[in-house]
Amino acid sequence: MSPEVPPEIFHHQLQQVLDLLGIFVFAAAGALMAVRKNFDVIGITLLAEVTALGGGVIRDVLIGAVPPAAFTDLGYFGTPLLAAGLVFFLHPQVERIMSAIDVLDAAGLGLFCVIGTAKAYAYGLNPIPAAALGVTTAVGGGALRDVLAREVPMVLRWDKEIYTFPALLGAGITAALIEFDLFGPVTATAAVTFAFSFRVLALRRGWRAPRAWRRNSGTSAEEQ
Amino acid sequence: MSPEVPPEIFHHQLQQVLDLLGIFVFAAAGALMAVRKNFDVIGITLLAEVTALGGGVIRDVLIGAVPPAAFTDLGYFGTPLLAAGLVFFLHPQVERIMSAIDVLDAAGLGLFCVIGTAKAYAYGLNPIPAAALGVTTAVGGGALRDVLAREVPMVLRWDKEIYTFPALLGAGITAALIEFDLFGPVTATAAVTFAFSFRVLALRRGWRAPRAWRRNSGTSAEEQ
Amino acid sequence: MSPEVPPEIFHHQLQQVLDLLGIFVFAAAGALMAVRKNFDVIGITLLAEVTALGGGVIRDVLIGAVPPAAFTDLGYFGTPLLAAGLVFFLHPQVERIMSAIDVLDAAGLGLFCVIGTAKAYAYGLNPIPAAALGVTTAVGGGALRDVLAREVPMVLRWDKEIYTFPALLGAGITAALIEFDLFGPVTATAAVTFAFSFRVLALRRGWRAPRAWRRNSGTSAEEQ
């Protein structure tokens, strides 16, 4: 349990920029959902923080890295405030570039599934559980956001383009790279790019995951 | 905080078989709810994992046993994948044996409330909080499943046969047995059997818990 | 990570009385929501426990203070049982004094945002994250209650008097007091009183937080 320092995949400053960019995009998506639901400025801020930092906080709690980085690094904590402020004033403009946001969100998804897997591995987890925590890092914040805002969690929806699967692939590839001692800036970039591209392609082409065998033609009996 | 190794109540291999059986049954129940809600294969798998492992993960986080066993033991992690795969293909058959599933789920409930209490006690908690965490182990995964799938959590529903109460009894008996130094394979089996039988009887005879005093005849003003 | 003992702001026995009073009031609010939703006695008890202790448990998990105080101090654990029992039998009377409950709840809010911030700071967090955890302590239990009972979380609702903002102010003042070495019984009481009074004034005068810029006149497109 005396873990090494979590690894930095890329050059220190580059990684910080990437981290904060991913956090900013996730936060903007959370703030935008709050605006659509007509939440007030507090709700917008809370949903931005939860969406951006929730996945990493869950991962850090599960691997014993407390207090989580989100609570010790002011950049992590402050970035969602910026995103919430921006969306508070400029939400019509932000709505208009939502397809651009979707692409940036895909970049966050790709980045965090790789970073999350590497951090969990550095804390001594085996490759498969580390990959599971990488996926949690990438999609956990969004799941918390959806639960708080009373949406069906994106990670469970069959009627949306696949979201969790690209993260699963990116995390799996990362775990394999680490296991075979091939993990470095170049291969990490390749894993991020692969998960990112897969998600963007899924969005563009409307890829969906199969529902239960012989049930694909049915519709949900539930309220969704 | 330097806990002893969590105790094994039964012979090592027997306990592993029981653990995995309980996890399998909980996972099947989670996967089946996902199929009914028409979630895709990713949603089915996630809901199976959360239902089966969620209670134990919450307990492990609360007692400081991180990373949780669910993330370090591949058997724990892999078993819900098996259950999800089975339900994905065979859900009509699984639906047909749901009353059998209910009985198996009751077995998981009985088993996990006893195991969870014993593990929390081994980590230095007092008997009453240890029993509370035993109940959490038994019902926490189902509560997470219901929150994610936007159901009223089973643990709160008055219109269903009592579910949490048998776990509460099993955990309480376990805590008393430990406190009076009477906890062993035989008495543990008795506690599991008692909680299990109570739940099965509640199902068969439609036992429900009382609602608030002088309100039992009313119906909910809410959407349930 | 070897934290000092969490500080006691007030005289030991006074602080215990205040803690338990705050827990009792939060628990009563949770139990009352359960009664309104027609949950059974188990659901009433669970919702009372979660509402009263949830915020502190989340904070303790995030700062690594496990097992959380809620699981090691029987007074913390038992007080919600008392509140649940009282509400179970006397809910019509409790309903009638709900405006009094709102005032007591405001007292709990003020108390816990200050105590929570001080405890997080004692565990080595910087002032801003410590204040964030103080807010979490104050509003986290209510958020968990609302998620379990399928309500829109109070912390996000724009159509209610501001709830999170007074806690945010109280926590921020506390963090500033600690940072400038001015934190003591007198200033802590002032911070508690300020947050409490702000919330009571918000209730009396119907203060609400602004919604997103140029959207204040709209109504939510969602189900609320």
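A Cβ is built for glycine as well, from the same backbone N, Cα and C atoms used for every other residue.
Per TrEMBL, transmembrane segment is recorded for B:16-35 (among others).
Per TrEMBL, domain 'Glycine transporter' is recorded for B:17-91 (among others). Across the range of the domain 'Glycine transporter' (B:17-91), the DSSP-based residue counts are 65 helix, 1 strand, 9 coil.
Note on the transmembrane segment (B:42-62): residues 23-24, 26-31, 33-35, 68-71, 76-77, 79-81, 83-84, 87-88, 112, 116, 119-120, 133, 136-145, 148-149 of its chain, located 6 or more positions outside it, place their CB under 8 angstroms from a CB of the stretch. Annotated transmembrane segment per TrEMBL: B:42-62 (among others), in sequence order.
Here TrEMBL flags B:74-91 (among others) as transmembrane segment.
If you look up TrEMBL, you'll see B:103-122 (among others) marked as transmembrane segment. Long-range neighbours of the transmembrane segment (B:103-122) within the same chain, counting only residues 6 or more positions beyond its ends whose Cβ lies under 8 Å from a Cβ of the stretch, are 3-7, 9, 18-19, 21-23, 25-26, 28-29, 55-56, 59, 63, 65, 129-131, 133-139, 163, 166-168, 170-171, 174-175, 178, 183, 188, 191-196, 199-200, 203.
Residues annotated as domain 'Glycine transporter' in TrEMBL: B:103-177 (among others).
Marked as transmembrane segment by TrEMBL: B:128-148 (among others).
Sequence-remote contacts of a segment are chain residues at least 6 beyond its ends whose Cβ falls under 8 Å from one of its Cβ atoms, and for the transmembrane segment (B:160-178) they are 106, 109-110, 112-114, 116-118, 121, 127-128, 130-132, 134-135, 138-139, 142, 154, 187-188, 191-192, 194-196, 198-199, 202-203, 206-209. The annotation transmembrane segment is assigned in TrEMBL to B:160-178 (among others).
Same-chain residues lying 6+ beyond the ends of the transmembrane segment (B:184-202) with a Cβ under 8 Å from its Cβ atoms: 9-11, 103, 106-107, 109-111, 113-114, 118, 161-163, 165-167, 169-170, 173-174, 177. As annotated by TrEMBL, transmembrane segment applies to B:184-202 (among others).
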Same-chain residue ranges lying at least 6 outside the transmembrane segment (B:74-91) that approach it to Cβ under 8 Å: 16, 19-20, 23-25, 27-28, 30-32, 35, 41, 44-45, 48-49, 51-53, 56
Average model confidence [pLDDT] within the domain 'Glycine transporter' (B:103-177): 89
For the domain 'Glycine transporter' (B:103-177), residues assigned helix / strand / coil by DSSP: 59 helix, 0 strand, 16 coil
